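Colleague: In case it helps, TrEMBL gives these features for our protein:
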COMPBIAS  1-10  compositional bias 'Basic and acidic residues'
REGION    1-20  region 'Disordered'
TRANSMEM  147-164  transmembrane segment
TRANSMEM  176-198  transmembrane segment
TRANSMEM  210-237  transmembrane segment
TRANSMEM  257-273  transmembrane segment
TRANSMEM  285-307  transmembrane segment
TRANSMEM  331-354  transmembrane segment
TRANSMEM  414-435  transmembrane segment
TRANSMEM  441-459  transmembrane segment
TRANSMEM  471-499  transmembrane segment
DOMAIN    527-680  domain 'STAS'
TRANSMEM  605-629  transmembrane segment
Amino acid sequence: MGHGTNRVEDMASPNNGNTAPVTANARETIVEIHSVCLPPKKTTFQKLKKRFGDVFFPDDPLERFRNQTWRNKVILGLQSLFPIFTWGSQYDLKLLRSDVVSGLTIASLAIPQGISYAKLANLPPIVGLYSSFVPPLIYSVLGSSKHLAVGPVSIASLVMGSMLSESVSPTQDSILYLKLAFTSTFFAGLFQASLGLLRLGFVIDFLSKATLIGFTAGAAVIVSLQQLKGLLGIVHFTGKMQFIPVMSSVFSHRSEWSWETILMGLGFLAILLTTRHISMRKPKLFWISAASPLVSVVISTLLVFLIRNKTHAISFIGHLPKGLNPPSSNMLYFSGTHLALAIKTGIITGILSLTEGIAVGRTFASLKNYQVNGNKEMVAIGFMNMAGSCTSCYVTTGSFSRSAVNYNAGAKTAVSNIVMASAVLVTLLFLMPLFYYTPNLILAAIILTAVIGLIDYQAAYKLWKVDKFDFFTCMCSFFGVLLVSVPLGLAIAVGVSVLKILLHVTRPNTVEFGNIQGTQIYQSVKRYREASRIPGFLILAVESPIYFANSTYLQERILRWTREEETRIKENSGSTLKCIILDMTGNYFCSHLSHVHEFLDSSSLLMFFFFGIVLAVSSIDTSGIEAVFELRRRLEKQSLQLVLVNPVGSVMEKLHKSKIIESLGLSGLYLTVGEAVADLSSTWKAHGQI
């Protein structure tokens, strides 16, 4: 750990071969060797406080309250808890006009979708409309997104229906099924709100993008196949959600197929898909796709009403009760043999709906350049589901299709949700008898049109091109949902994702570095042709913290690097290996940026910067310390020196307390790889070793 100024020969100009000679340049330069300092002393409480703050409060939510009067603190507190106070004071008629238009537009989509998705969850259709009334009102007060349109969604509906129906029949034991649906919704909301209040949103990050792509596509296929019941007019249909049982049920009940249902169903499906395609090609015509479901419901209902006496092959919804949401708090199921099922269903649907809601909210917020607070969204979605479970609603969240319509219709604030809820209220109070003859085939066509866009084959192809392991995770999720079951398919995909993390942690990558000609930068000799090995040195970097889970592996891997390097030297008659340098930060170029701009552009500099951060050994535990100590001892037996380069603060502190720094000596710790190479080469030359 030398410091001061030493006169050494410049080591930064290797030749065109694979190894840079020690005396590549005749000119001599003055190289200053800097000390590696210990971090400032902190108590255990101070360390825990900082770590706790970094993990749970990265955004420092209390910053805005500092240096404020008590009155301002109260106002800021209300705005923090209820975002409506932030924009409500500036609300005017111009904003109201935009929100009314967008609210009525999404209502035309929300009403038929609410009825359809409730049937997807094996619930009475009226529950879907109930779920489009209370939750949007609560979200408009608590939510931070201006464009998120709240209501039932296909994936959460499918998961709830498939998980609950495995144990309880929605037809034979409808009351118990309804109780479990409301209870699952309560636990979903409780779980979501808890994540937000405790700032544990990182839990949902375990659902990687690859997992969600595969899961969503698999669920979309299952949802689509389930709609064959309505499109073909099948009466007796399997309640299972796997591909093989569904297809088997379709063809084993060919005698129940109705040509009238098929003809009308395919006709309306073609209309809905055509309007969707038009809106996608020309976003200004979004209203065509938004209005087409409700228009299709009206037209199909009229057709069924007119031909009701001529054919009985087309099934329809039947009676739907009028009135506001009846209370359901007395139906919550908190004891009994099915409680565990309700909790499990609530947590899984809660995670899925939360992931979708936050992702959709952030997507449209980025388009309008405003922030959506993830923790506030968790609290808002959680509370609206808890309240919904007490008012005959099931799991709701932000829907991508309705939010897209809301955005394109010009929504300015969350008031659009209030307008939508008001339209649903009018429907519940006065228009329910009009849905009596609404055919089930139109509900199936609406669901098919909505979920077809969830199969993102382009994203899957991109995964294949970029990361084969992510593609494998995606396929595990897809086929798990398709062939096994919806919850198990999700569990398989999450398991594969966790396995990827464990492999990365337990078997981290190690990289051999060489010097880039004309600089003090050291980079991977495999990635950069201009990076050349330095005679007498083996320079390695570890792309991971050193933990108990990987310490033994890293020790053996570094020793293997040493053996391979000695073998390579013998085969090429090179200089004897004397030192192994372990770069523990990757920031080997930071002190020499003045050289970098001579041959790298700005984008390459940015790449170097991030690469350096990734390579940092950010932490070490006692097992890792023991591994470093044992590695030093084993290398010494081979007459090799171990040198550490710039451990980060916490690692340096632990190495110092464990006395490893003392055992390494003054020449065992350096600030940069360049200084280590220059100083050690100078010492060897002074002693006639090179």
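Using N, Cα and C of the backbone, Cβ positions are placed for all residues, glycine too.
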Colleague: What stretch in 176-198, 210-237, 257-273 has the biggest tally of Cβ pairs under 8 Å against the transmembrane segment (285-307)?
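Modeller: Top-ranked stretch among 176-198, 210-237, 257-273: 257-273.
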Colleague: Cβ pairs under 8 Å with the transmembrane segment (331-354): which stretch of 176-198, 210-237, 257-273, 441-459, 471-499 has the most?
Modeller: 176-198
Colleague: What same-chain residues lie close to the transmembrane segment (147-164): Cβ under 8 Å, and 6 or more beyond its ends?
Modeller: 106, 110, 113-114, 117-118, 120-123, 128, 131-132, 135-136, 139, 170, 177, 180-181, 184, 215-216, 219-220, 222-223, 226, 241, 341, 344-345, 348-349, 352-353, 356-357, 360-361, 364-365, 368, 384, 394-399, 402-403, 405-407, 411, 414, 416-417, 420, 447, 450-451, 454, 485-487, 490
Colleague: Under 8 angstroms for C-beta pairs, at least 3 of them, ignoring pairs fewer than 6 apart in sequence. Is the transmembrane segment (257-273) in contact with the transmembrane segment (176-198) by that rule?
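Modeller: Between the transmembrane segment (176-198) and the transmembrane segment (257-273), which are separate recorded stretches, there is no contact, as judged by 3 or more close Cβ pairs.
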Colleague: Find the average pLDDT over the domain 'STAS' (527-680) in the predicted model and report it.
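Modeller: Taking every residue in the domain 'STAS' (527-680) and averaging pLDDT yields 79.
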